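Supplied in structure tokens, the structure appears directly below.
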């Protein structure tokens, strides 16, 4: 006896093809069962097939999906979830053409968020991040990577990681924690980046002991941390047992993509300025390219990451929101899917694979998230759409009808009681 049987599914997107990251033709392929059904028991998927094949199955609850699309829960592999305050006051300055460095000198930019995060209590940060997670869930996301990075000191970075750990216990969404202490160089360490990185490295053994982070990340960019500094820092983190990621080539082609491939990073993120050589090296590596077109869009930049070229050359591409208060204040991964289709020239099939299978592998969750397969946990989304391409095509709104997390009802459109969180 099943707990739940979803039937009369118009298109069941299983995403279940080869194991491992998807590249080239595999990214263009979307496994779809027309007129499908999914059976769930004890939070686990027990049946995947056609509605006709499911006719003999017994279930405590049978849900008629009315010919709509069902997919795996989406995976957002790059967010800056935990932070204090907001920065809407900077919009007018940006529109007036005030340079970012001048905004920084006025106490704005990342320094504003760092100060607000330092001042906020752990309880305040939990409440705020919970609000944002609820929104992510409403957009169909069931697994999220969450970074620290708005402390730039030991106490606040630790506080952010503890917030993620608490939310992992309390919120339906699965969280994957990343230590991004090397997000920027604080004023007091100006010209002394190596000393600052050593301070951050000194925190890692305790973070590892308390299991507060699975990944270590660094911002490799002009004026922040060099390629050599980034490689050395991440290799030392790997020696301590962490997997690593890198904010790479967001603005300039510094060689961050090449560095990620060389050191075996789980992902290289941003990559707007990635060189041809960097793309080639990523294609010949196991590193996932996590592209963040929502950030480029919000910053009103003309040049987007070369997603089309990356896919054609064999890079495993994932998509993420880069949710953060400065350069991409949105939890809407569906909007990111639309931007990727229009600006990165990705097909609807590639976009879907990039927010499920490949995004799961970008955070070492490829064996548990991003696919609908017998034996896996039942993270499922019912969409108010009768064709999968409709979701990125009709942009700017949420098409989610219902979300199940581990087989439990986690969100239903129109249920005003589903979220008690406030910002």
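Keep in mind that glycine also has a Cβ here, set from the backbone N, Cα and C atoms.
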Quick check on the annotation: Swiss-Prot has 78, 80, 247 binding Fe(3+), so which of 3, 322, 367, 379 does it put in that site too?
322
Record says 87, 150, 183, 250 bind 4-imidazolone-5-propanoate. Source is Swiss-Prot. Which of 35, 285, 327, 338 does it list for that same site?
327
Between any two of 150, 324, 326, the residues recorded as binding N-formimidoyl-L-glutamate, what is the biggest Cα to Cα distance in Å?
11
Just to verify a number: CA distance, residue 247 (Zn(2+) binding site) to residue 324 (N-formimidoyl-L-glutamate binding site), in angstrom, no decimals.
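Counting only the Cα atoms, the answer is 14 Å.
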Among the binding-site residues listed here, 324, 327, whose Cβ has the fewest other Cβ atoms inside 10 Å?
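Counting other Cβ atoms within 10 Å of each of the binding-site residues 324, 327 gives the minimum at 327.
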Rounded to a whole number, how many Å is the Cα of residue 250 (4-imidazolone-5-propanoate binding site) away from the Cα of residue 326 (N-formimidoyl-L-glutamate binding site)?
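Rounded to the nearest whole number, the Cα-Cα distance is 15 Å.
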Among the binding-site residues 78, 80, 87, 183, 247, which residue has the fewest other Cβ atoms within 10 Å of its own Cβ?
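87, out of the binding-site residues 78, 80, 87, 183, 247, has the fewest neighbouring Cβ atoms within 10 Å.
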Going by C-alpha positions, which of the binding-site residues (80, 87, 150, 183) is nearest residue 326 (N-formimidoyl-L-glutamate binding site)?
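Spatially nearest to residue 326 (N-formimidoyl-L-glutamate binding site) by Cα position is 87.
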